[in-house]
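Chemist: Sharing the feature lines straight out of Swiss-Prot:
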type	residues	note
BINDING	LEU123, GLY127, HIS128, LEU129	(6S)-5,6,7,8-tetrahydrofolate binding site
MOD_RES	LYS232	N6-(pyridoxal phosphate)lysine
SITE	HIS231	site 'Plays an important role in substrate specificity'
Amino acid sequence: MVRYILDHNLQDIDVEVFDCISGELNRQNSQLQLIASENFVSKAVLEAQGSIFTNKYAEGYPGKRYYCGCHFADIVENIAIERLCKLFGCKFANVQPHSGSQANQGVFAALLKPGDTVVGLSLDCGGHLTHGSAPSISGKWFNAVQYQVDRNTGLLDMDEIEKLVLEHKPTLLIAGSSAYPRTIDFKRFREIADKVGAYLLADIAHYAGLIAAGEFPSPFEYAHVVTSTTHKTLRGPRGAVIMTNYEDIHKKIQSSIFPGMQGGPLMHVIAAKAVAFGEALKPDFKDYAKQIIKNSRVLVEVFKERGLNIVTDGTDSHIVLVDLRPKGVTGKDAVLALERLGIICNKNAIPFDTEKPFVTSGLRFGSAAETSRGLQESEFREIGNMVCDVIDNLKASDIVKASVEQDVIKKVKELTFAFIS
């Protein structure tokens with residue numbers, strides 16, 4: 001065993017950081033985690049990410065490293081690549097991107113020139129910053145054109161998207177979102193892209209685990225390139241991947257990630273990705289994905305029963321997006337009240353929201369994390385009612401408010417204790 005300069009446990013050498021980690025463990029165990037972009041990884045994933053690979057610098061790709069001593073780094077990265085390709089049925093993959101944003105930027109660097117036109121879903125309609133939003137590099141370096149959802153239904157209007165693409169003739173068309181709960185017609189997106197000779201990028205960061213399990217439409221038959229994070233419904237470490245069935249595109253992406261965007265890969269994270277991909281290949285992962293959707297649909301049912309407005313009127317995924325305007329409540333007020341009582345979600349803009357980004361008119365919920373913890377329909381029905389109790393209580397008298405809050409705190413404690421991680 002390597003002898004370290006300071007061969008001590010974290011608790012012995014840095015009590016401040018140890019206390020932060022202990023506190024975060026307690027927070028995750030004692031609160032309901034309903035943020036759509038979060039999940040609970042397995043102990044095996046944590047072990048891999050905290051492994052000795054933390055020490056290894058492995059600049060380059062398997063078999064083509066700029067450093068010696070990369071034998072096992074090569075093996076584990078190849079395992080990750082092989083498992084990922086098997087999981088999604090694709091031919092080529094890069095498992096080195098540190099984040100979803102860097103994965104998307106890697107695609108832009110590989111396929112675009114500064115000033116090229118990119119068409120993606122607008123941020124206020126559920127798109128992601130990296131899909132051409134003004135504050136992002138994607139909105140600064142490229143001519144970003146944004147499509148929107150239908151004002152009445154909240155759904156993607158493919159005919160309007162086609163008109164926009166035909167008008168602006170982009171080099172890249174992006175399909176994907178960060179707050180769109182419904183299925184995406186990747187086939188139609190490819191047909192539209194082909195009409196102007198555009199590349200189609202499918203950003204499946206939110207849906208990857210559901211796609212891997214066959215519970216959400218797959219883009220791989222249609223998209224030129226696919227990006228995803230690894231830490232949402234895929235239930236892996238924080239990181240990202242890029243996949244394609246086109247060898248010429250794969251070669252360009254290899255160069256754009258290294259040496260273009262990144263230097264040394266995070267081998268401990270890649271090891272954890274390999275573990276997570278292996279877990280997702282097991283039969284019980286399909287059961288997990290099915291339960292995710294069942295649980296989110298129960299939330300929709302309860303929210304509707306209690307008078308909340310659901311954007312798109314339902315969900316086909318882990319995401320539930322709620323419009324709070326009929327309740328006269330902002331997302332900011334609701335999310336702070338929920339957090340105080342142990343229910344963690346995020347404030348979120350709804351389509352065509354007029355509130356500021358730090359206020360918003362909506363809430364976004366996700367069912368993936370608590371489904372990992374073992375909660376099913378009956379527990380999610382209880383969660384849905386607790387959420388509605390808190391929202392309805394925001395304008396109640398102080399006496400009523402205190403009573404409701406104590407009841408919710410008690411129920412959250414009982415529920416989290418019964419399913420403690």
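A Cβ is built for glycine as well, from the same backbone N, Cα and C atoms used for every other residue.
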Chemist: Quiz question: given the recorded positions HIS231, LYS232, which has the greatest number of C-beta atoms lying within 10 angstroms of its own C-beta?
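Modeler: Top count of Cβ atoms within 10 Å goes to LYS232.
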Chemist: Give me the CA-CA distance between HIS231 (site 'Plays an important role in substrate specificity') and HIS128 ((6S)-5,6,7,8-tetrahydrofolate binding site), in Å, as a whole number.
Modeler: 16
Chemist: How many other Cβ atoms sit within 10 Å of the Cβ of LEU123 ((6S)-5,6,7,8-tetrahydrofolate binding site)?
Modeler: 24
Chemist: If you draw a 10 Å sphere on the Cβ of HIS128 ((6S)-5,6,7,8-tetrahydrofolate binding site), how many other Cβ atoms land inside?
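Modeler: Taking every protein chain into account, the count is 23.
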Chemist: Residues other than LEU123, GLY127, HIS128, LEU129 within 8 Å, Cβ to Cβ centroid, of the (6S)-5,6,7,8-tetrahydrofolate site?
Modeler: GLY120, LEU121, SER122, GLY126, THR130, HIS131, GLY132, SER133, SER136, SER177, SER178
Chemist: Same-chain residues six or more away whose CB lies under 8 A from the CB of LEU129 ((6S)-5,6,7,8-tetrahydrofolate binding site)?
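Modeler: When sequence neighbours closer than 6 are ignored, LEU129 ((6S)-5,6,7,8-tetrahydrofolate binding site) has SER101, LEU123, PRO135, SER136, SER138 within Cβ distance under 8 Å.
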Chemist: Give the number of CB atoms, excluding that of GLY127 ((6S)-5,6,7,8-tetrahydrofolate binding site) itself, located within 10 Å of its CB.
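Modeler: If we count other Cβ atoms within 10 Å of GLY127 ((6S)-5,6,7,8-tetrahydrofolate binding site), we arrive at 24.
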